[in-house]
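Student: For 144, 145, 146, 147, 148, 149, 150, 151, the entry in TrEMBL reads ATP binding site. Residues annotated as compositional bias 'Basic and acidic residues' in TrEMBL: 355-367. The domain 'FtsK' annotation in TrEMBL covers 125-306. According to TrEMBL, the feature region 'Disordered' maps to 355-374.
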C-alpha cells in the first residue's frame with residue numbers, strides 16, 4: 001500500500017473513532033482536545049484491509065465493541081473486530097461475496113475433533129472453518145427470514161452432532177411446532193423425542209427440569225462444579241426448539257426455558273433456539289443474555305438484527321443464502337455449509353432405529369390456547 005492510500009485509510013478509521021466517540025476528551029477554559037486510539041498498522045491483504053490499533057488507558061474496551069455499528073457504517077457490513085487486551089484488530093473484507101458450498105462430514109470432522117459438544121458454523125471470509133465447543137459457549141440462537149439459510153443450518157448442526165457423538169453421550173430433544181423441519185430426525189438413536197404439540201413439549205421441559213435438579217444434587221453430593229467431574233459419566237442433553245417465537249404466550253414453558261438457560265451449562269443441558277422473526281418479547285431478560293452465541297441470517301431490517309444481537313444481518317442480500325453474522329466472542333461474517341433434506345436423510349440413515357422413541361405424551365389431554373395466534 002502506497003503512502004497516499006495509507007493516509008486515506010488512516011483518515012477513514014480516525015473518522016470512525018470520532019463519529020462513535022471512541023476517544024478520551026479533556027477540557028480547559030478555552031478549548032477541549034481528544035486522545036484518540038493509536039493506529040499501529042494498516043495492512044492490505046488480497047482479501048481484506050486490516051487495521052491494528054490500541055486504545056488509550058481510561059477508555060473502556062467494551063465501548064469499542066458496543067460501537068461496532070460505527071465501523072460497519074464507515075466500512076460496510078463485512079467487518080470483523082477482535083481484541084487482545086488494549087489492542088484491536090479490525091478487518092474490512094473485500095466486497096466479493098463468499099461462495100456457497102455444500103456440507104460434507106469428512107471436511108468438518110478434523111475441525112471439530114477436539115471439541116466435546118461441537119457446533120459447526122461455516123467458513124469465514126478468509127475461507128477458514130469456524131466452529132466452537134458448546135461446553136465453553138452454551139446455548140445458541142439462530143434467526144433469519146425464510147430462505148436465508150436458518151433451517152439448513154439447524155439441520156447441519158444436528159446432523160454433525162449425531163455423526164460426531166455416540167447415543168450414550170448425546171440425548172437430543174427436538175420441538176417442531178410448525179411440523180416442517182424435524183421429521184428427518186425421527187427414529188434416530190440419539191433423538192429421544194420429536195415434539196409437535198405444546199403438551200408434548202411441556203412434558204419434555206418438565207423432564208429436563210427434573211433432570212437438572214437431579215444433576216444439581218449430584219454436583220452438591222460430590223462437591224464438583226460440572227457434570228463432567230462426576231464419577232459416573234452423564235450424557236449431554238440438547239433441546240432444540242424450532243420457531244420458539246410461537247411459544248411467547250406460553251409463560252410456563254418459557255419460564256422453564258429461561259431457567260434451563262441459566263443453570264444448564266454446569267449440568268450438561270443445552271439449548272438451540274431458532275426463529276424466523278426476532279421477537280423482543282421472547283428474547284428479553286435472562287434468556288437473551290444466556291444465549292451466548294447468535295447466528296443472524298438475513299433479517300428484514302436493522303431493528304430485527306439488533307434484537308438478535310447481530311448488527312449487519314439486515315444488509316445480507318436475498319441472493320446470499322447461508323450468509324450470517326456470527327456473534328461468538330466477536331462479530332464476524334460466516335458462510336454456512338448447505339445441507340439439503342435429501343442429503344441429510346442419506347447421512348442419517350445409518351443412525352435409524354426400528355422403534356420411535358417417544359418420551360412425551362402422544363395425545364393432547366387438554367386444549368392449549370394462544371400458541372399459534374400470530
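Each Cβ is built from the backbone N, Cα and C atoms, and glycine gets one as well.
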Student: Quick one: give me the count of other CB atoms within 10 A of the CB of residue 145 (ATP binding site).
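Tutor: If we count other Cβ atoms within 10 Å of residue 145 (ATP binding site), we arrive at 17.
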Student: In sequence order, which same-chain residues at least six apart have a C-beta under 8 angstroms from residue 144 (ATP binding site)?
Tutor: 150, 276, 295, 296, 297, 298, 299, 313, 324
Student: So what pLDDT does the domain 'FtsK' (125-306) average out to?
Tutor: 94
Student: Using a 10 Å radius around each Cβ and counting other Cβ atoms from all shown chains, which of the binding-site residues 146, 148, 151 yields the largest count?
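Tutor: Result for the most crowded candidate: 148.
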Student: Cβ within 8 Å of the ATP site's Cβ centroid: which residues qualify beyond 144, 145, 146, 147, 148, 149, 150, 151?
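Tutor: Sorted by sequence, the hits are 276, 297, 298, 321.
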Student: Out of 147, 149, which of these binding-site residues shows the lowest number of other CB atoms within 10 Å of its CB?
Tutor: 147
